[in-house]
Structure formats: structure tokens, C-alpha cells
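Engineer: Here you go, one structure.
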Amino acid sequence: MKHPGSRQIERLIALFALATLLFSPPLIIMVDRLTSLSMSWLPLYLFIAWGAVIGLTAWLMEQRSGR
Amino acid sequence: MRTDAVILGTAFGYLALLFVVAAWGDRRAEQGRSLIGSPTVYALSIAVYCTAWTFYGSVGRAADHGPSFLLIYLGPTLAMLLAPVVIRKMVRIASRQRITSIADFISARYGKSTSLGALVALMALICITPYIALQLKAITVSHAVLVNYPNTADATLVDERFWLDKSLWVALVLAVFIILFGTRHLDASERHEGMVAAIALESLVKLIAFMAVGIFVVFVLYEGPSALFASVATMPEIAEKMGLESVPGGATGWAGMLILAFLAFLTLPRQFQVLVVENVDEQHLARASWLFPLYMLLINLFVIPIAFAGLLLGAGAGDSDSFVLTLPLSAGLEGLPLLVFIGGLSAATGMVIVETIALSTMVSNQLIMPLLLRTQRLHLSTSGELAGWLLGIRRIAIVLILLLGYLYHALIGDSYSLVTIGLVSFAGVAQFAPALLIGLYWRGATRQGATAGLIAGFLVWCYTLLLPGFAQSGWLDATFLTQGPWGISWLMPYRLFGLEDWDIYSHALLWSMLANVGLLIGVSLFSRPTPLEQTQAALFTGALHPNLQTTSLWRGQTTQGALKELLIRYLGNQVTHRVFNQSINKSDYRSDEPATADLITRSEQALAGSLGSASARVLINSVVRGEALDLESILSILDTTSQTLEYNRRLEQKSQELVAVSDELRSANEQLRELDRLKDEFVAMVSHELRTPLTSIRAFAEILRDSDQLPDEKRQHFLGVIVHESQRLSRLIEEILDLARLESGRLTLHPVTLDLAALARQSIDAVARLHEDRGITLDISLAADPAMVVGDQDRLEQVIINLLDNASKFADRQQPQVRLALYRHRNHFRLSVEDNGPGISADERERVFEKFHQIQQSGETPRGRPKGSGLGLPISRGIIAHIGGRLWVEDAKTLGGACLTLELPAAPKESTLSNSSQLTGE
């Protein structure tokens, strides 16, 4: 497959929407209020969400080029 | 070991290594074995995004503003997610139109506008020079920290003379590097392979250096992350830093910064350079879309631990921007700080190299070249090649840009911290985003709209970010900030129109984008694009259309000679030969022959790659007559797909209809064939049936004629046969006529109320003689007597006789038995005639009512004699149906053979139907 198919593009855009949601204030504010320790969970949450988004992108893109 | 000589030796040694790598990369490219033809190298070259600002500034920002530093990298992560969609489109356009920079891209989108290109180039220059200054400042500061630790760096910097400032020398070395590896080709749209290879190496070095500090801090300075965070937990004022409240502007500031980083990543001139211009293969975007975000995640992994460690160290760590250096220094290490310094140097030089190349291309192609073409066109016609000039302009531009950056750094660089300058630049270049992105997807965006939007956005940016910066530096009255200009409070640059509680970047982004996007859309809706603008808009928005690639779109006319002269004058002999060889055979060249569309396209592309699309356009127009690009044809190409799809859909629908119709036709045809076959058989049968009595009539009549001596007895017998056969003949003909009348619906019936039981008896009497002859035992059961129905007396009798006759024919040969029964069934009377013959199989039951069917059947009967014309049952059913009844076959309940049953509705009581009323066919 030379170009990403339309389904592939739809998946990417859905992933983009998910990532935007994960990195945006409504969720950020919620996570920020989860303070069990003296430290905010926010940085940890951001790194985990970020890593998950990268993993999903890699899975999506490499699956395509491997085909 | 930490002497100035060692530090400088290492630094300049590292720069020398870059020269070697770049030279190697260029040589490999010349040999056709490209070093950069891999998605990993591409992803690493995109990491030029992580500058000294990332390397030193992230820790500083984390220490001051909590997790907001991550936003600078989350925005590009989002942008890279869309890379296979958005950036792929940009790459496609850039390679097809030989775009050299973002200014060229925007200018080409809006009708290859010279003024728009110049505007973008000027804005980029104003936004980016401070950013270059920031990198040089980072080098100076990090060097000073390294040399002076544990004294603070600031004290020594103030006194230093400019020729002792290392960053000046670094800038000059970089100028040499960029001139050597960034201006090798005249064609700026060609890849700078060596430079990209060096940038990829620098990205690796800065990642390794930063992670080395991170690992050192977490695992050597503290015993693992838990130990570090345990110490942090004891100091709540540090621990609290990582919450959302440390982020300037809170949730609004968070969202604003995310959008800002997203837009700036796409519009920064250096990012455009590595993402789009230096892209070797569109397919690399797929890998880069996750590899580059992964790179950013790794380089940020230790930012928070380092910031915490620095804060815990307190005053000994110095300025938070320098924690990366001061932490290993405070531990008394010698090698690691040097590695960190080299890492920071990598980050800074990588950015400066790419940014300077991008800016110098813009300056030469979008600012100087159009001016030269406008003022010196006459002189140039006699001055020969321009190629040398162009490269000269670019080289001078490189030196000037670097000097400008150095001056900015030397004169006013101290007024801002690292991150502040970076973010101001981000907000500035983000102003390109509407013209770029909206222009990529909305065909209606016009040059006037883009120009108005860019100018408005830029002015708002100046007012809300740049001027306040000057005010903070003391260049302007500080009351400008606190009270607004002339004391007008709603014009305060950080609180425009009373918008308070926003951080300055989100605030500036909101107002500038409102002005920018609003004017771009508003003015576009009310302005009329030129044909060239429309063409370019169609080419840009439809760039990914599969048909667009292979089409030559030139419609103008010129001669090969004129074109060649133009190319030689501006690009030199070598390039001209290459362009001509790609397009036509050497032997085909005639200076007065018209140039092909392909040749004109290639010539313009070659010019665009070197001079920028706007200037190329001007030059081509000077030799080509007629409308150059045909908008109609482009639009028709772009619309082809949708039209084809619609056409295919309709075709499919039609063919499905056709299949259905042809199926119907086929089955109708089969029925017709069957009917035709039956008709043929019928004709044969009728002829046969007619011939048999005719033959015997004729034979006996001849005997009577020829034999006078025949005894009376015999004569009587012969005459009897003749009469009998004539009767048979008339009956047959009568039947055929009946059938014809039934089929055409012209059968006339005379319905009266009559007693079916009486009629049955009458019919039995009529066939009694025949039955006696055949030795048939007739059993009669009239359960309903009388059975009043409405019908035609004669026709009904004909039907009943026919049924009895049929039954007697098909009854068992040895002991023939027939049974007639009449009984009431609900509102109907039923008359059934059974026989004890072989019966009729279930699938034959309807077929016996087909005309002629019986004929075939009768021929096959073992008795071998014809049993009738085969028209009796069809005629009977037709008559019964006309009267309003039914006739069907079922198994004989009593005798075990066939049973034919006719059913007629009972006549209404006091029936007044008269003889005169007629029932005709349905």
C-alpha cells in the first residue's frame, strides 16, 4: 500500500482526537485534583498518557508499513 | 581539567566533527548512496525542534512553572499525529512546485505573490532573530557557568569584551559551516544532505548528554527515583510545584500553550525546512510520526528529577536554567559537565544552522531577488549568469543573520530568560498558521485575506508580546505596561480589552489569532482572486489528488530558444542542459520551435527551486505568451474522481436493473417456448384428429360411390359410420371453437338458477349408454338434493358429461368403476367424479388443465388409444371459472383413482336472476 488508506487516516484522526482529549484541561484538572501524596499526579499522568499515545501511533503506522 | 583551553578545544573539536560528518554526507549523496534516506535519520533531523531552550530551559521552566514545560512537546506530538495527513500534503506540494521555504510556500499558495512572500520573510526574520540570539546566549552562559563555577556566571559576563565572547566565535564558525554545507547548490529546494546528517548526529548527542545528566542525578546523586521523591516530599513548597496551579494562567494557559506549540511546530522556518523541504520520501513521515514524539518523551523524562534536585540543592545550583550544568559540577565531576556543555552546544548549533539556512533562503528569494528583478531587469539581460550572484546573496545573508542574532544577544539578550524569548518567537511564527493551514484546505482563501490576516496578527503580536518585552527591558516607559498607552487602561498590552487572569502567551495568541483568522476569512469572502491564485489554490487544496501528478498544466506558448536563453542567464549552462535533457531529446532542439508544456513546466520548476516561485513566475511570464495555467483543466482533473464515482454508481444500478430485466425476459421466453411447443403439438394433434374421421368418412363414401352392389345392411352400416365420424368431427371443431371463445373471453353464457342434482341425473342419463357399452359401474351419491346454483344449463351439462366421460376413459380396464357425488360444503355445492384408475400424481394435477396436455398424456397411456382431444378439462375449467366456481383434481377418497371436483356457490334464495342477464368473461 503506497499511501495511507482512508480508513488509516480516519484512525489517525481518531487517535489525534483522543490525544487532544488526554492532554486538555478537563482531564488535566481532574487528574491534578487527585492528590494523595503531597505531589500532584499530573506529571506522571502526562508521561503515561504521552507514552500510550506514542505506542498507539507506532502500532498504527508500523502495522501499515509492514503490510 | 576544566580549563578554558580544554573547554574551547572540545567545543571547536566538536564543531570540526560536524564539518567532517557533513562533508561525508555530501560525498555519499554525490555517489548516490544517501546517508539520510532513512526514516530514523529523518525523525532525528526533526528533533532540531529541541534547541538549547529545551536543553537548559525546560528544567528552568519546570522549576518555575511546573509541568507546563511539557506542553511545548505535547503540541508537536499532536501535530506529528497528523503528519501523514497534513505534512504529507505539504511535502507533496513542496516537491511538485519546488518550494524552498515557508515564505515561498505561502507566497505560492496565494498566486505566487511577491509581496506576500516578502511579508512572511520579513516577519520570520523579526520573530526568529531573537531566537537565534537565544541560542548564542545559551552557549555563552553555559560556557561561563562551566568556567566560573562555583562563582555565578553573570558577574563575569558583564565585563567581557565582545571579541572574548565565545558565542561570537561559535557564530562565525557556524557561518562558515552553513556557507559550506547550506549553499552548495543554487537550487534551495534540493536537499542539503550533509547538513541533515550533521543535524541528526547533533540530535543524538544532545539526547545522550541530557539523559546522562538525568541518570547521574537520579541514580548517583540520589539513590534512585524513590529516594529523590522522598526528599522532595519533605519540602512541600517544592513538591507543590508540579501541580496545575504553578502553570501560568491555569487551565486556560495550559490550553493556550498546547495550541501555541502545535501551531509553531508547523510554522517555525526550521521545522518547515526539515519536515518539508529536506524530506526525501513521503513514506518517512509514518515512522517519524511516532519516533519523533518518542524522542521528545525521552529528552523530557529527567527534566522533573533534575529540576527537583536543583531546587533541593538551593542556592548552590544557581539559576534554574543552568541546573543541568551546575548539578554535575556541584558533585565535583569533570567529564560530565563537559558532555553536558557539548550537548547544549549541539542543541544550539543545530537550531542555528537550520534556522539560518531557512532564513537566508527566504531573504535571498523572497526579499532581495524580487527587488533585483524589479530594478535590474534591463541590466541583467547583458550581465550574463545570475547564479553566482544568488549564492553570494545567500552567503551574505547567512553572515548578516548570524551577526544580527549575535547583536541582539549582546545588546538586549539579558532582559529575558531563555524560555521567554522562545515563547515570544513561537507566538510570532504561529501567525503563519492560518494562512498556511486554512490555505491548504480552503480553496476560497485569497491573497488579500492572507495578507490582511498576517499583518493584523503580526501587529497584535507586536503590541501584546514584543513591545511589552521592550518595556521590560527599559527601552519603553514601564507605565505602558501597567497603565496602558496614554493611561488608557483597556489598551494595556497584557490585559487587552480588560481580559485579565490570562497568561501573556494565551492572551496574545487569542487576540492575534482572532484578528488573523477573522481577517483571513472575512477579507477572502469579499475579495476576488486572480486566475493564477485560483489555479494555485486548486493545486494546493487538491494536492493529494491522484490524477494531478502526471498532468502538465501549462497552456502558454514560447520558443525553445527563448526558454533556453532565460535558463542559461539565470541558472547557468549546467542546469539548463539538465532541464532540457529531461524534457526533450538533444536532436529535437530547435531554437525557433515552440516549447512543449512539459519543458515550460520543468523550466519554471528549476527557476522556482533557485529563485523562489514568485520570481520564477515573473521570469517565465517574461518569455511565455498567453495564459500560462489552465484553471479549467485543473478543476476538471480534481472533479474527475467524484464524477467517475457517481458515474460508476449509476452504471452499477443500471446493470443490476438490466440483470433483473433479462432474468424476467428469460423466464418469459421459456414460457413462450413451452407454449410454442405445445401449440405445435396441438396443431399436429388436431390435424391428426381431424384426419382420422375424415379418412374414414372418405373411405366409406368411396365404397358407397363405387360399389353399387352393396347390400342395404352394409350400406346402412357404412352410412352410420359416416354420420358417427361426422359427429365426432363437428364435436372436435366445436371444442376448438369453444376454447378459442374462452381464451378470447367471447364465450356467451346464459346463467339461470338451476338444480345441480337434476342436472347431474340428466347427464348420467346422457352417458348411461356409453357406460353400459364400456361396462362401467356407476355409483351415484346425491347428498344434496336439490342443489340450487346459478349457471348455464347447457354448459354445465357439458362439463359434467365431460367429467364422467373422462372418468370412464381412465377407470380401471378390467373392473371400471366411476362414482359421482354431490354434496354441500359450507356455502357451496361440490360435485365430484371419481374413478378407480391409476390416478394423477401431485405434480401433474395442475397440468391436466393446461390445453393440449392431455394429448401428450393420452399418447403415452399404455392402452395406446387416444382418449380425446385433451381440450375437455381446459374448457371445463374455463366454463366453471366463468360461472364463478372452481374445478380441481384431488385423490379419490372412495375409489382410489383420480377425483375431479367442481365447486359452485349455492344460489341465493329467492333468486331473481333472469335468463336475459348475461355473464361474460372476466
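Glycine is no exception: its Cβ is also placed from the backbone N, Cα and C atoms.
The feature transmembrane segment is assigned by TrEMBL to B:6-24, B:36-56, B:68-87, B:116-134, B:167-183, B:195-222, B:251-269, B:290-318, B:338-365, B:386-409, B:415-442, B:449-471 (among others). The annotation coiled coil is assigned in TrEMBL to B:648-685. According to TrEMBL, the domain 'Histidine kinase' annotation covers B:685-908.
Walk me through the surroundings of each of these features.
Structural biologist: Panel annotation: around the transmembrane segment (B:68-87), residues 49, 54, 57-58, 61-62, 246-248, 253-254, 257-266, 275-276, 285-286, 288-290, 292-293, 296-297, 300, 303, 419, 437, 440 of the same chain, lying at least six beyond its termini, place a Cβ under 8 Å from a Cβ of the stretch.
Tertiary neighbourhood of the transmembrane segment (B:116-134): same-chain residues 51-53, 101-104, 106-107, 110, 268-269, 351-352, 355-356, 358-359, 362-363, 365-367, 370, 401-402, 404-409, 413, 418, 421-422, 424-425, 428-429, 431-432, 435, 447, 450-451, 454-455, 458, 612-614, selected by CB-CB distance under 8 Å and a gap of 6+ residues from either end.
If you look at the transmembrane segment (B:167-183), the same-chain residues 6 or more away from its ends with a CB under 8 A from one of its CBs are 11-12, 15, 18-19, 22-23, 26, 136-137, 139-140, 143, 192, 194-195, 198, 345, 349, 352-353, 356-357, 360, 391, 394-395, 398-399, 402-403, 405-406, 409.
Long-range contacts of the transmembrane segment (B:195-222) within the same chain, counting only residues at least 6 positions beyond its ends with a Cβ under 8 Å from a Cβ of the stretch, are 18, 21-22, 24-25, 35-36, 41, 44-45, 47-48, 50, 55, 178, 181-182, 228, 231, 274, 278, 295, 298-299, 301-303, 305-306, 309, 324, 327-328, 331, 333, 336, 339-340, 342-344, 346-347, 349-350, 353-354, 357.
Long-range contacts of the transmembrane segment (B:290-318) within the same chain, counting only residues at least 6 positions beyond its ends with a Cβ under 8 Å from a Cβ of the stretch, are 39-40, 43-44, 46-47, 49-50, 54, 58-59, 62-63, 67, 69-70, 73, 76-77, 80, 145, 150, 152-153, 203, 206-207, 210-211, 213-215, 217-218, 221-222, 225, 228-229, 231-232, 235, 238, 241-242, 324, 326-327, 330.
Outside the transmembrane segment (B:415-442), and at least 6 residues removed from its termini, the chain residues within Cβ reach (under 8 Å) are 51-53, 56-57, 60-61, 69, 86, 89-90, 102, 105-106, 109-110, 120, 123-124, 126-128, 130-131, 133-134, 137-138, 260-261, 263-264, 266-269, 321, 450, 453-454, 457-458, 461, 465-466, 469, 472-474, 505, 508-509, 512-513, 516-517, 520-521, 524, 537, 540-541.
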Engineer: Please identify the stretch among B:6-24, B:36-56, B:386-409 with the greatest number of Cβ pairs below 8 Å relative to the transmembrane segment (B:338-365).
Structural biologist: B:386-409
